[in-house]
Structures are given as C-alpha cells and as structure tokens.
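Structure incoming, see below.
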Amino acid sequence: MVSFRGLTTLTLLFTKLVNCNPVSTKNRDSIQFIYKEKDSIYSAINNQAINEKIHGVNLGGWLVLEPYITPSLFETFRTNPYNDDGIPVDEYHFCEKLGYEKAKERLYSHWSTFYKEEDFAKIASQGFNLVRIPIGYWAFTTLSHDPYVTAEQEYFLDRAIDWARKYGLKVWIDLHGAAGSQNGFDNSGLRDSYKFLEDENLSATMKALTYILSKYSTDVYLDTVIGIELLNEPLGPVIDMERLKNLLLKPAYDYLRNKINSNQIIVIHDAFQPYHYWDGFLNDEKNEYGVIIDHHHYQVFSQVELTRKMNERIKIACQWGKDAVSEKHWSVAGEFSAALTDCTKWLNGVGLGARYDGSWTKDNEKSHYINTCANNENIALWPEERKQNTRKFIEAQLDAFEMTGGWIMWCYKTENSIEWDVEKLIQLNIFPQPINDRKYPNQCH
C-alpha cells in the first residue's frame with residue numbers, strides 16, 4: 001500500500017509465443033514472459049494456452065504488520081481512550097516495546113491464524129489466479145540493533161507457496177520493507193525513516209534480496225513463484241534514484257541473470273515516478289528482459305483526491321490504464337483498492353487521524369472537513385449511493401488495468417475495514433463475482 005518472487009507446470013508469459021513448452025535452458029526465449037505484444041498467456045504443460053491476465057490479491061498485514069489491517073495487535077498497548085499515545089506505530093516499535101520473546105509469541109500466533117489453507121482455497125474459488133505476499137528484509141537478516149523477530153516468517157512464506165500451488169494460484173514475493181525504510185511508511189516496518197540507501201542498511205537489504213532471489217528462482221519454486229518484487233514503493237521524490245538503480249535494482253538484475261542464471265521475473269515498483277520514466281532501464285532493447293513495472297494507484301491520500309466527484313475518479317482510473325499501454329515494459333497494477341475515503345482507523349498511521357473528517361494532522365500539516373467518518377465500517381448504514389459508487393469504482397479500475405498485464409488488489413482481508421477488504425466486498429456483492437461481471441460496463445471506453 002501507499003503504500004513491491006523455471007518452468008515446469010504452469011507459467012506466465014507476456015507475449016504471443018507459440019509452442020511454448022516449459023524449458024530449462026537459461027536464455028531470453030525461455031523466460032516466463034517478455035513484452036513485445038500486449039497479450040498475456042498461461043501456457044500449460046499440455047500445450048493448451050489460455051489467454052488470462054493477472055487477477056490477484058495482496059496478502060497485506062500478514063508477514064509485515066500494518067496497524068489498520070490488524071488493529072487488535074496494536075490496541076493491546078492502549079493506555080487511554082482519548083488518544084493513541086504509547087501505541088507502537090509499526091512492526092519495529094511493536095517488537096521493541098514487547099521485547100523479542102513476547103513479540104515472537106504474539107507474531108507467531110498472528111502468522112499462524114491470519115491466513116490459513118482455507119483462505120487460499122477460497123481465493124482460488126473466487127476466480128483469482130495470483131497472490132502477492134509482502135515480506136520484510138528482517139525475515140531473512142537483521143542489523144545488530146534491530147528489535148525485529150527474524151528467521152520465522154520464511155516457514156510461513158514457504159507454506160503459503162505450497163498452498164498456492166495446491167490450489168492453482170501463482171505467487172509474487174514482494175520485499176516490502178528495507179533496512180532503514182525506503183519510504184517512511186509504517187508498512188515498510190519503520191515509519192518516518194528514509195535511510196535504506198545508507199551503506200549498512202543497503203547491505204542488509206541486498207543480503208535479504210539476494211537470498212530471496214537465490215532460493216525462489218530455483219526450479220523447485222518456478223512453477224508457482226512467477227515474480228520477485230525487488231522493493232516495494234521506494235519513495236522516489238525523496239531518495240536518490242540513481243543510487244537506487246545502480247546500487248540495488250541493477251545489481252539484483254545482474255545477480256539473477258548472470259550469477260545464478262535464472263529467468264525468474266523481476267518486478268520493479270515505479271517509485272512514484274511518472275509513466276515512461278522506466279522505459280530506458282533494463283529494457284528489451286538492451287538485451288535485458290523479463291522486467292515488469294508495478295504501478296500502485298490510490299485516490300485517498302490527499303485532500304484533493306478525497307474531494308473529487310465520482311465521474312472524475314472514474315476518468316482518472318481509466319486514464320491510468322491508457323497511459324500504461326504505451327510504456328516500454330509490461331506493467332501490472334500491483335496495488336489499488338475500493339477506498340473512496342481514508343476513514344479506516346489508522347489507515348494513515350497510528351495517531352494521525354483521517355483527512356476526510358478533518359482529524360488528520362502531521363507535523364505542521366492539517367486537513368479540513370469533507371464529511372463524517374462515522375459508521376464507515378457499518379455497511380448497514382452505508383447509503384445505497386455509496387455502495388453503487390464503490391462498485392462502480394472497482395469495476396472501472398479492473399477494466400483499466402486489464403489494458404495491460406492485469407491487477408493485484410490491496411488487500412484480501414482485514415479485521416475491520418470494508419473499503420480495504422476484498423473478502424468482505426465480495427460478500428457484500430460490491431466486488432464483482434464472477435470477476436468479469438459488470439453492473440457498470442464500458443466505463444473506460
């Protein structure tokens with residue numbers, strides 16, 4: 001969220017390749033996909049190709065904590081009903097406050113229960129074909145001063161991959177948090193820090209990343225893990241983009257292609273840069289291939305976005321898809337949501353409030369009242385117009401992102417939210433079932 005791992009059974013290609021039997025040779029023609037044509041094809045071992053784009057969901061708030069997804073984990077720290085003083089703002093401070101052993105106990109319980117095998121079966125039954133699984137660097141390595149619980153998450157990731165395989169789902173592994181934080185978001189593990197390009201932090205991040213690439217790019221996993229996102233949402237307007245490219249992205253690509261000779265797909269988040277920014281980086285013309293650009297799209301994280309009329313939101317969503325079509329790389333909308341407000345508790349962070357009702361404040365910035373957030377999580381009190389608009393917004397985004405490689409909605413489930421919970425939205429008949437069902441067709445034409 002604004003918030004980013006061959007070839008044996010069923011692999012994803014992004015080109016019109018004929019006779020695309022799974023092969024083990026390591027060259028550009030055996031890549032899971034390239035991007036010369038705007039088609040996506042699943043190629044089965046029986047050689048029957050089925051046109052199918054990515055229709056995925058994010059498993060947010062599981063192996064990387066996010067307070068708004070599982071507020072119960074953070075509410076246990078509350079000392080008074082009037083403010084959020086003393087409540088950890090992220091996983092770093094959650095672990096720091098509890099101490100290692102108690103944090104491990106609570107996190108292990110959360111990891112064991114928040115997603116189970118039946119969730120993967122349900123996700124597949126609802127027509128999705130991929131899950132994107134965020135994980136932090138601290139799952140694989142830590143710095144000497146880190147309070148994080150480490151070396152436990154990998155078991156749950158591996159089990160998730162097994163479940164995905166069992167139910168015919170593909171997996172993207174997403175390095176969601178870098179040492180020192182790449183964006184200052186709470187979902188990076190450490191809020192209000194932007195230090196991942198410092199030498200020690202970069203070294204730890206690269207250590208975790210090369211481990212992920214080494215393990216999940218082997219033939220044992222390549223039938224199911226069809227992409228590895230090198231880093232989720234690096235904050236391009238703040239960090240040094242050249243250092244990001246030269247010290248993390250390019251070395252990771254070279255390590256994958258030249259050191260371990262794998263054709264695993266690499267996913268690069270757009271770093272909040274404009275369309276076409278990445279056209280000249282790791283592209284087919286330079287004989288560098290198998291790279292997806294991941295765009296994340298939300299319309300609730302500024303006062304301007306929150307005041308848009310519905311027709312304007314739809315128009316902007318449709319334009320996202322149209323703008324991505326002409327990029328050099330294939331792209332996927334790796335995050336987006338149904339949200340029309342920022343009212344979900346702690347969406348903007350513990351202690352920060354919501355812009356929609358004017359309660360948001362950070363440093364010297366304030367928001368102004370647009371409308372009430374009361375009853376935001378009580379669907380019985382949603383006006384019919386809001387339900388219709390939410391469905392309309394979802395459908396427009398799905399149609400827009402079908403113009404390129406597909407989409408991965410954020411996120412599959414939460415404890416309390418409606419706008420950010422695909423599972424609840426399906427139950428409420430707000431998210432379409434089947435996925436191609438449209439109450440509001442042709443919005444992007």
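Using the three backbone atoms N, Cα and C, a Cβ is placed for every residue, glycine included.
Positions annotated as signal peptide by Swiss-Prot, on the basis of sequence analysis: 1-21. Here Swiss-Prot flags Asn201 as N-linked glycosylation site, drawing on sequence analysis. Per Swiss-Prot, the feature active site, proton donor maps to Glu233. Taken from Swiss-Prot, the feature active site, nucleophile covers Glu335.
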Glu335 (active site, nucleophile) to the residue listed as 'N-linked glycosylation site': how many Å between their Cα atoms?
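Their Cα atoms are separated by 26 Å.
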Which of the three DSSP states, helix, strand or coil, fits Glu233 (active site, proton donor)?
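DSSP assigns Glu233 (active site, proton donor) to coil.
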Within 10 Å of the Cβ of Asn201 (N-linked glycosylation site), how many other Cβ atoms are there?
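There are 19 such Cβ atoms around Asn201 (N-linked glycosylation site).
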So, three-state DSSP: helix, strand or coil for the residue listed as 'N-linked glycosylation site'?
helix
How long is the line from the C-alpha of Asn201 (N-linked glycosylation site) to the C-alpha of the residue listed as 'active site, proton donor', rounded to the nearest angstrom?
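It is 16 Å, counting Cα to Cα.
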Validating a neighbour-count step here. Other CB atoms within 10 A of the CB of Glu335 (active site, nucleophile): how many?
27
Measure from the Cβ of Glu233 (active site, proton donor) and count the other Cβ atoms within 10 Å, all protein chains considered.
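For Glu233 (active site, proton donor), the count of other Cβ atoms within 10 Å is 26.
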